[in-house]
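Below: the structure, in structure tokens.
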Amino acid sequence: MLRFAVASMRASVGRLVAAGIAIVLGTGFVAATLLTTDVLRATAEAAVVADLNGADVVVEYVPYTQEQLREIEALPGVAGVDELVTGGVIVESGHRSRYIDVQSLPVHGAPPPIASGALPSADGELAISASLADSLGVAAGETLRWSSVSSELNGTLIVSGITDQGSLLLGDAPGWASSGTLDALRGTGAQEDTSAQNRLLIHGDGTSQERIAAGVRGVSPDLAPRTAQEVTDTKMAELTGSAQFFVLFGMGFAAVAVVVAGMVIANTFDVLVAQRTKVLALVRCGGATKGQVRRSVLIEATLLGLLASVVGVGLGLGLGQAAAWFLSSRTFGVTAPRLTDVAPTTLLVPVLVGVVVTLVAALGPARSATRVSPVAALRPAAVDPVRAGGRARKWFGGLTLVVGLALLVVPPTLVVATDVSEGVDLDTLLVLLLLVGVTGGLLTVGGVLVLSVFFVPAVIRALGSTLARLLPGEAAATARLATANAVRNPRRTAATTSALVIGVGLVVMMGTGAATARTTLEHELGAQFPADLLVSSTSEQGFGDAELEAAEAVDGVVGLATAWDRSVNLADDPGTAVMVVDPVALDEVLGGRSFAVADGHVALSPTVYERLGSPEAVRLGDYGMGTAASTAEALPVEVVESLPLPAVVAPDALGDLGAPTAMLVDVDDTRASEVVADVQDAVSDANPEAPPNMVAPVEVRATFGQVIDALLAVLIGLLGVAVVIALVGVANTLSLSVIERRREHGVLRAVGVTQPQLRQLLAVEGVLISTAGALIGIALGLATGFAGTAIILGSSAEFRFGLDWRVTLGCVVIALVAGLLASVVPARTATRVPVVAALATE
Amino acid sequence: MRTLQPLAPTRTEPAARTRGLTKTYGSGDAIVRALDGVDVEFASGEFTAIMGPSGSGKSTLMHMLAGLDRPTSGSVWLSNIDISDLKDKQVTLLRREKVGFVFQGFNLLPMYTARQNILLPFELAGRKPDPAWFDQLVDLLHLGDRLTHLPSELSGGQQQRVAIARALITRPAVVFADEPTGNLDSRSGSQILSFLRTSVRELGQTVIMVTHDAVAAAHASRVLLLADGRIAGEITDPTTDAISAGLDALRVDEVA
């Protein structure tokens, strides 16, 4: 049957290519993910090797004496010992500061490469990495201030040069200085024994590492020397261990892509078999057994899987390699793997996966092929509409769906609606609820997929009839005919859309989850501190007019309210701080929530009001520095519903408080960091004696938003592959139906369907199928996304649902466009066949 | 028997006609002349059968007349409109209004009911059919209790009757039937043929049927014999025997 299989394949090359693309994408993904492991390994190895700097034996972080050091140097086989001293300090330039590790310069090992300037030649000099120089904004020759983390020590250093090292995956490259400098940085006198903080890098003269290590052990076993090989191996194990998580993560998505590819393959083979009914029947007439027929289909599947997987591996590796090269040219520390670095598993596993998935996917169709009776060769058969499915399917699917929905809905409701009482371990409870929710989610998706045979045609019919209602006469007929065509084989259509449902569902779930997380956390931040920026004065006099004007004049400052952040508290509740600020100004700065406070009143938020027992008046107290602001009499209370802070009082109510000590600033969100830095500079310039303190929630919000967006982009990119595969499946189904319905299209054209109408027919069918899949996927994605984040974040007081419109609408638009595109080639095939040829009976 | 509404007032011009109609495939030595300079006229309200051995060009002639294919040279008029040079879209729209088809098999859309299949031409045009006419046809063809069935639930004869109903629903200028009884047993077949003849007699329809079956052709009032792409003979008021004799004569010529 091998020749028959090969001949069949040659006859269907075009159609199989489309199916093959699905496998190529899936296996390519797997290969790329595996390649990432190799890249990580190569990178880690390079980092470790660089760290060792050519040493053969390492003594790390144990105390030693200078005498022992001399003994080691005198050992046979030892060419030299580098005593590496390390210290960590904060370096600052202008307003910017960073924490770095500083290392002593190696003598025997290779010195760090210099990009500009020179390595430190004297005490008080420091060489820093290029990335650090960038972030601090300094160049060779300039001065840095340094301060110790653990003590009051500080001073200045001259930047002698910039090293040619970027940021490693594990942080900034260290700075380099002489050991004298390091003593100063660490604040150690000659007396203290800080040897336990050092590393000894022992360079050999060619003698084996073990021999040297043995010698060092001989000097003192407490030194615990390790050969470079040991160190490398251990560090590698650690690094790849944690990298494992990311690889598994990536493999999860690769698995989704592969599963979706499998569904597309199964669908394709289904239609191929249906389309080859005549040939199969003839072969059976000629004497082929059922087993032979099944084998021929499976052989075809194996060959296709093999070919496509190899192409996929090539593609995945190619792309991965290109990406690695690109990265390694920009960032130090990412090493592009050489061909020898690529493990054999990276090449073999994707191919194996591809072949197995294709085979498994083809099992069902292979069985259908055996059911073609030889009589079919003699009797021409029309393509009859297929029944959707029995009651057993309805019951099973319905049950799964109902149970799934219940499990999905209950945990989030519990979390959000009820207050978790004390004594319950919140973490374990949440994990438990999450597990229940995840099970619910899986069952819901499973139920929907099982029932998709009913859902999908229903959705298509709804879409189709809506479309027909909106369109004028002739176009409406096309829409109705397309709808009828799309639902005539519910099983095949459902199989096609299932792949899309999974892909889109996952994308929307991620999008919804991210949007909800972002919205909730933004509200949390907002609740804790509602203003974008708080600028506090470090001077006893507070802010003068110069500083206030300077701040307000900064481009990007939208509003400013002066406040007095002296310690004003509620006398009866010292834990509650009272913000002294003009409520009108505060209202403007905080935007959104509008409120007003009567003169002389203290505004309290409802929570605080209740907590104090609904007092009519409160006294204020002053616990600390500055002008007396305590009031002997109590001030009347006004409860303000929408008060963003616990308590607010206008400065007038407290008498003369002097100059304001704080500014609440509303900044342009799109340029947050820039504006914050500008405000800091402006106020510092206005009063160089007392640079202000800055607390910028807006930056936290912005950073947070960026991180979530970046994560989401990566996730969607990963899932995008699955969605693309699913859409290829739609194109497949369309093109194969066109071939199946050749005769029918001939009849249609004879009866009066024009060529443009025929093209529109197929376009509408494509759009209906893919849009239906997208809509169902979106519904599932929203449900699971909301439920999941409700469980995780629901216990927060500020839990809010968020919807990512871009992602959701984007999916619909992509589905629409893809459905259209999917129909282009099949439509051309359909209209290119002359009517007469289409009508001819074979 | 109820009086059936006749078609439009009897037309005097021919329903279809050709002049010098030629269709060739290939070129040079390998040239195949499917039709070679055919001049023929089909009067309105007539039932004509086109016969000939395989390769005679009878199907090709029908395709030309129906506008399904374009001639290499010569002209074709359908209902007095020269269709030889019309664009595909115009011919298609013309077919929608003026032509009905009954094929040997695969006439019907498998996912549409009998009713939907019959009304297909109107649906495609986005127009509403005449309910009285629809009811008449359904009555005539005894399809009343089959309207909601899918083609897979109909017998071969019933499917052909649905096809005829569809062909007639637009009251076309011509109904083309291509081996309409080819897939049917003799009883259903003769039923179909008598329906076709009824439509000619009672409704004033014009039917042009291509067939190789002498018995079927005997239902027509005129038989055109084709051989090698040319008209080889014509028999009016044919009987089965006369047709068979005519066909045999053609074959003898061939062999000789």
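All residue numbers here begin at 1 and follow the chain in the order shown.
Positions of Cβ are set from backbone N, Cα and C atoms, glycine also.
Remember, it's a predicted structure, so these values are computed and weren't measured experimentally.
Annotated domain 'ABC3 transporter permease C-terminal' per TrEMBL: A:252-374 (among others), in sequence order.
The domain 'ABC3 transporter permease C-terminal' annotation in TrEMBL covers A:718-833 (among others). Per-residue pLDDT, averaged across the domain 'ABC3 transporter permease C-terminal' (A:718-833), gives 86.
The annotation transmembrane segment is assigned in TrEMBL to A:245-266 (among others).
Counting residues 6+ beyond its ends, the transmembrane segment (A:303-327) has Cβ neighbours under 8 Å at 5-6, 9, 16, 19-21, 23-32, 35-36, 39, 334-337, 342, 346-347, 350-359 in the same chain. Marked as transmembrane segment by TrEMBL: A:303-327 (among others).
The transmembrane segment annotation in TrEMBL covers A:347-364 (among others).
The transmembrane segment annotation in TrEMBL covers A:395-417 (among others).
Annotation source TrEMBL lists transmembrane segment at A:429-460 (among others).
What TrEMBL lists as transmembrane segment is A:494-515 (among others). For the transmembrane segment (A:494-515), same-chain residues at least 6 beyond its ends with a Cβ under 8 Å from one of its own Cβ atoms are 256, 259-260, 263-264, 266-267, 270, 445, 448-449, 452-453, 455-457, 708-709, 711-712, 715-716, 719-720, 722-723, 725-727, 729-730, 732-733, 769-770, 772-774, 776-778, 780-782, 784-786, 788-789, 802-804, 806-808, 811, 815.
The transmembrane segment feature in TrEMBL is assigned to A:710-734 (among others). Sequence-distant contacts of the transmembrane segment (A:710-734) (same chain, six or more residues past either end, CB-CB distance under 8 Å): 15, 18-19, 21-22, 25-26, 29, 250, 253, 256-257, 260-261, 263-264, 267-268, 271, 492-493, 496-497, 499-500, 502-504, 506-507, 510-511, 514, 762, 765-766, 769-770, 773, 804, 807, 811, 814-815, 818-819, 821-823, 825-826.
Here TrEMBL flags A:767-793 (among others) as transmembrane segment.
According to TrEMBL, the feature transmembrane segment maps to A:805-825 (among others).
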Candidates A:245-266, A:395-417, A:805-825; stretch with most C-beta pairs under 8 Å toward the transmembrane segment (A:347-364): A:245-266
Helix, strand and coil counts within the domain 'ABC3 transporter permease C-terminal' (A:718-833) (DSSP): 100 helix, 0 strand, 16 coil
